[in-house]
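**Q** Quick one: structure below, then a few questions.
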């Protein structure tokens, strides 16, 4: 196995094979790496398909990410569009279909660095919100890319609060058109992806007015650029919103509308319609809309948070066994930095978290699939739970992963800070996941509403969704652990998490009630509880994650050492959570100070256990070198050689450049611009003689 | 006052004056903003001088940062060199001298975006490590910029562990020269600032060999580029290490040496010398070296951590009173987001921390100055304390500020993520401060060694430095607070912090001792305690910060409302620390669960108190709009207008760009490159007709 992988991954025969310090880490894994990979993929067959997709994408030069770290915003955008265009061709060539098994691996194989993703959202919103006639008209055009679609919801002044959108769409009975306007600067559409330069059409969300009456926000299909020459349509002002912390390959755009007229048929009208005479008709349930949001949030957990964390762990852990720095014992060789307890403590809990979140993501996918089936049968009962889960977990997982990726970066010291490590781009990109598709605090509070509602219902003996029945079954007892080994029991720690979640939810519910009873208005009371509500939701999500991890491990087969190592990781994840949030468990004495010392001891012991398998555990994520695109994280561990080779390709070393320099007594005082071209030709007027050597 | 500032700062008469939502926040501050600014500056006269320096710099177009967010790495480097060159002229013009009062404000006024800063380090190392003769030769040349100096210590394979450096310098008695070599790739100098493209000379740290014997790491002056044409000297390979997460304006470089010969006089020889016959002579104490490191660490706390946090707070808090999003109460206007408790909880504790760290920085400066005076008198007694303090506080302040700046960014939602907010550049830059000048974990553990030593000494009744005498005076008592109001007493919370620090230090010392007594080797035992040692150091630094804040407030004059608002901030900082680390205080029951609920209540109450003065508190930091360089944080609060104006200047909107587009049935399938020039000319072959409108 090791040999096969070495052959497969090593791109560095010129670099001298696998670094012995990394090779030695792979010699005696306690488990089968290949079996673990298959487990993560959901079966060997999936692994095979995934690898085939990755291979097809990575062997195609158009999808190369080789010089990515040297590109300007413009170049990144161009590359992403080129990839999007080429991808259509590739998909047909390879025979990958949207419902085929390969499709879901494409985005991963591209590391998300592709443009025109909003085109899919454009289509989805027409499919979900449009009438049959609208679907029949627009979807084929979009499928054939006769237009490029976008989705224009967010405005300069409004993100999370959709009711506050200011763009207007006034129905003109005379012409049977809607007149769209951006009434003031804060109403300008801002942030929509693919809209700055690419899109020809977009779905604009605007306040609908008929005969002076406002009917709230509705979606309208609007053409913004000519299909002839791509120039802006009359009444349209649009452009790129400029540089961002990441996502420079996407032309997030702005859009201003001045008396832009679209026909009556352009309002998406599955649920609401304006009839020719101006009569406003509403029909059916819009609840299904929540499902779209839920689907997007669940999907992003894996792609934008868990996979990036897995990559960061792979890079940081491989580097940490190659990097040797200072001596653990005098007289010995310098130690691998992963042998320092502090380094283990930085990285290994996050490795465990990557697994924990992978499994909670599977759980959410299952929940979503069940919910989806129910909804197909017009049963919307699961929607609140689904919505609450996807919100809470989107928030907690992105937040955790964002800070974990940053820890991985810092754990690599100076070299982690170099773009060539691949960590800065992971770090800046993942940060956005805390903001988009629902700002995390807003999402936490949506989940909080659900939990408080369920808590009150459960307390009154009413039925609640299965995932929150635990709220009714409060056991006030103390943790029974008597030694540090007792904390290696899922029953003990899962119970502790459950206890903490119930305590936080119930005490905040009590505070809320007390405030209201004391005369504080309901909304003010809610606001005064929000800091604690967020804590309660986090505790709830943490509990569910630990419980799900433990249950998943329980179900694993015992062969190949997989269950054993996953058990260790589950313990580590759970005890790290207690160790990092001791107060939550100590507060009412569920865990005592003495017991907390046992947690600490067990937790630190586990670090040393996981340490031994750290490299096999990241190898199992099965990222290719091209996917990681990291000078520090390659399979062969030839870190320094690769940093040097890559640095030499930097435009700062190859492009024409200018240097302020001098030629006289005071070099800087009479500075001149000397242009050095890449072939090292230069101009100068006079020189001073070297006074050294 | 408010009027004066409005006139001074408003750059936006075209934008329509100050946003009323921001203006209203300034109407009834509880204190004099101008007096608080003077306090932060250390007196009105300093404020006047600082403003004059800022004004001089910002009115000079060469120092403009206007298009900074749109620049490539090359352009940033060129601008930084241009500024460095121009700065020399400016300094002379203005009559600012190195020991004058203006000097220290220059770096702040430039926001650190200037090149050739390593030139100063080059000079300092010669002054400190060089003989009188060497100083006489090199310093005047450097002063007149006849050369550009750098400082080549870090290697690809070695950062923190200097003894491990691999570069060699072999003394050749025959020619009286040192022969410098990079024996393998990991020995390549990597990261030195200004070395990639600018420097002509550098101080190279290398292992000294005389007659086959290694004498350890020594500094050598080496010329790397011609003073005639700036080409690389024989035997030198050098270049830029490529893109980084930030600091793109600096040409961090690599350097490889192949049989580079420098004369015997080029080894800096204040403390060590190789005589012509090869005799190695060591003289004097090198302890003074520690002082340089200490000075650098103390200086960076303010410039690279506290000031950036102050800027981030200014941007985020001003934006949070301009941004209105969703309704706190139904039927009312949308609320300023700073009126949401969760938003207050994100920002206001960090605002308090900015003040806390400002004051601890003053404390460290005082300590350093006293230490410096002592050392001038050849008394090195204070060095260990100074070194421990500067290490621990460098680590804790940079770590805290880095994560606080990130919180500020996220608190601004999507717009915070735009580079134009100014927050991404603050965020990516400050992250580096956790790594350079001593990686934080390494620094924490250096402080830990000092604390453990002092704890053992104090326990044995031996004298210890004044700052750690508290370790001997352990009071095991419980916190006496009986109501939430009791926690607004510095005595109560300072005592709690002290108690926690002593507990963590003593329990870790006990664990260390127990391990050693059980037969674990000393170095292994130390490693097994490091995670807890880091916690103990953090608790110590947190305690000193709280104590110093409380004592500083005590000394303030009561006039002008300054003492009152600072008292609130001090409470907030202290209670936030307890609220965020409840376990540390609950562990042995010093604070009970019931008391912790009081802490929470008091803490949340304080948020509402500080909320009222939040804008005046950031106004007092007195950053100009040009310094903040933020579309969100300007004094006038014209957020949306400015975002739009700035975005239009983005190269993605103005430069020649290419778009993959189509002209036939399948837009993407037969994609063509269409070049759009900035004047919107374009090429196309045929077109499809618009099917909408």
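Placed from the backbone N, Cα and C atoms, the Cβ positions cover glycine too.
Here TrEMBL flags A:437 as active site, proton acceptor. Per TrEMBL, the feature FAD binding site maps to A:154, A:193. Under the heading domain 'Acyl-coenzyme A oxidase N-terminal', TrEMBL lists A:32-148. Annotation comment: TrEMBL describes A:290-452 as domain 'Acyl-CoA oxidase C-alpha1'. Summarising the annotation, TrEMBL assigns domain 'Acyl-CoA oxidase C-terminal' to A:490-657. The region 'Disordered' annotation in TrEMBL covers A:1-29.
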**Q** What is the number of residues in the domain 'Acyl-coenzyme A oxidase N-terminal' (A:32-148) that are helix, strand and coil, as DSSP sees it?
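**A** Breakdown, helix to coil: 83 helix, 0 strand, 34 coil.
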**Q** For the domain 'Acyl-CoA oxidase C-terminal' (A:490-657), provide the mean pLDDT of the predicted model.
**A** 96
**Q** Within the chain of residue A:437 (active site, proton acceptor), which residues six or more apart in sequence place their C-beta under 8 angstroms from its C-beta?
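**A** Set apart from residue A:437 (active site, proton acceptor) by at least 6 residues yet with Cβ under 8 Å, we have A:293, A:296, A:297, A:300, A:394.
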**Q** Measure the Cβ-based neighbour count of residue A:154 (FAD binding site), defined as the other Cβ atoms within 10 Å of its Cβ.
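**A** The Cβ of residue A:154 (FAD binding site) has 20 Cβ neighbours within 10 Å.
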**Q** How many other Cβ atoms sit within 10 Å of the Cβ of residue A:193 (FAD binding site)?
**A** 21
